[in-house]
Amino acid sequence: MTRDDALPDSHSAQTFYENYEPKEILGRGVSSVVRRCIHKPTCQEYAVKIIDITGGGSFSSEEVQELREATLKEVDILQKVSGHPNIIQLKDTYETNTFFFLVFDLMKRGELFDYLTEKVTLTEKETRKIMRALLEVICTLHKLNIVHRDLKPENILLDDNMNIKLTDFGFSCQLQPGEKLREVCGTPSYLAPEIIQCSMDDGHPGYGKEVDMWSTGVIMYTLLAGSPPFWHRKQMLMLRMIMDGKYQFGSPEWDDYSDTVKDLVSRFLVVQPQDRCSAEEALAHPFFQEYVVEEVRHFSPRGKFKVICLTVLASVKIYYQYRRVKPVTREIVIRDPYALRPLRRLIDAYAFRIYGHWVKKGQQQNRAALFENTPKAVLLSLAEEEDF
């Protein structure tokens, strides 16, 4: 067992060990490890986040105190939002001089990131379910003036029924009325333009809850396209793309999606925060609207006849389009296999199956490194403007 795998000694964490039996590691953070654990009285499975506030002994006393206060703030926010069906539930907490133990529900399906790596891209139907639940969570947070600041697929967990649970509130903050934030935190490819601007301009007024909506747009784009809208191997170029709001619904990956879903994504990815779509506004967008059951079932004779006529016309049109479809020849497949949707999905799926394991959590790693759909024209124009 390496030092990173070692557990806190039983003497300092006696109360925790009396109630829980820690098992294998599920994930790691900068100063924390997440393990599966068993609640001894009930044999129920949970996940415990073990936070070393000393950084393995490398932190100064000021850094230890800062991390301790940040952890207590995370616990406080989790308790304030307790009970929401799409937020991870904090079941128990333990504290020693050097460690925190935060016990959560165990989400066996893992992260949305891993599910996306397996599926490559999601359909509009799957995306609608996930994004509606995420936006409802954000509505709840923002009504309490809580900004998450680290929304990304790695921090969205899935239960056995594919329902989401938002987790990792380590960067979260509850704002006072009129308060603005200035500190730079989060994951680079999900940062809102105003966060980056704060790091470059001492006179910047700061940012607020709108940063979560930008990250939501990046998540939604990523679910549909398979890679984020802003990415470059040179991080400075990527940050420049974010600040300029330069992204595209490129072909062929966006050819099969509706204009409605593209419109919603574009309402999130607006550089000016005051013009960005809020969570409540997004939930009212046509992408999330459903037919009212009573209205659907109410047919008039005239309406029935109209539906029959339209169905016949559509069937005839589909039939003739099918008859006119050119056969896929060997030459077409050799020349541009990626232009054919079935082959495109097959190629992407096998690429992720072979290489997806190394595209994971590090800030220098990104899905786009493996599944690069970013239009080259955008990158070239940026490179010409400024040499990094």
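The chain as shown is numbered from 1 upward.
The backbone N, Cα and C atoms fix where each Cβ goes, and this holds for glycine too.
Swiss-Prot has this to say about the protein:
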DOMAIN    20-288  domain 'Protein kinase'
BINDING   Leu26, Gly27, Arg28, Gly29, Val30, Ser31, Ser32, Val33, Val34, Lys49  ATP binding site
ACT_SITE  Asp150  active site, proton acceptor
REGION    303-327  region 'Calmodulin-binding (domain-N)'
REGION    343-367  region 'Calmodulin-binding (domain-C)'
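Here the features listed in Swiss-Prot are painted onto the structure.
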| residue | record | contacts (Cβ under 8 Å, 6+ apart) |
| --- | --- | --- |
| Leu26 | ATP binding site | Val34, Arg35, Arg36, Ala47 |
| Val30 | ATP binding site | none |
| Ser32 | ATP binding site | Lys49, Ile50, Ile51, Asp52 |
| Asp150 | active site, proton acceptor | Asp168, Gly170, Phe171, Ser172, Cys185, Gly186, Thr187, Tyr190, Ser215 |
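Mean pLDDT for the region 'Calmodulin-binding (domain-C)' (343-367) in the predicted structure: 58. Take Leu26, Gly27, Arg28, Gly29, Val30, Ser31, Ser32, Val33, Val34, Lys49, the residues named in the record as contacts for ATP: the widest Cα to Cα gap among them comes to 14 Å. Note on the binding-site residues Arg28, Val34: the fewest other CB atoms within 10 A surround the CB of Arg28.
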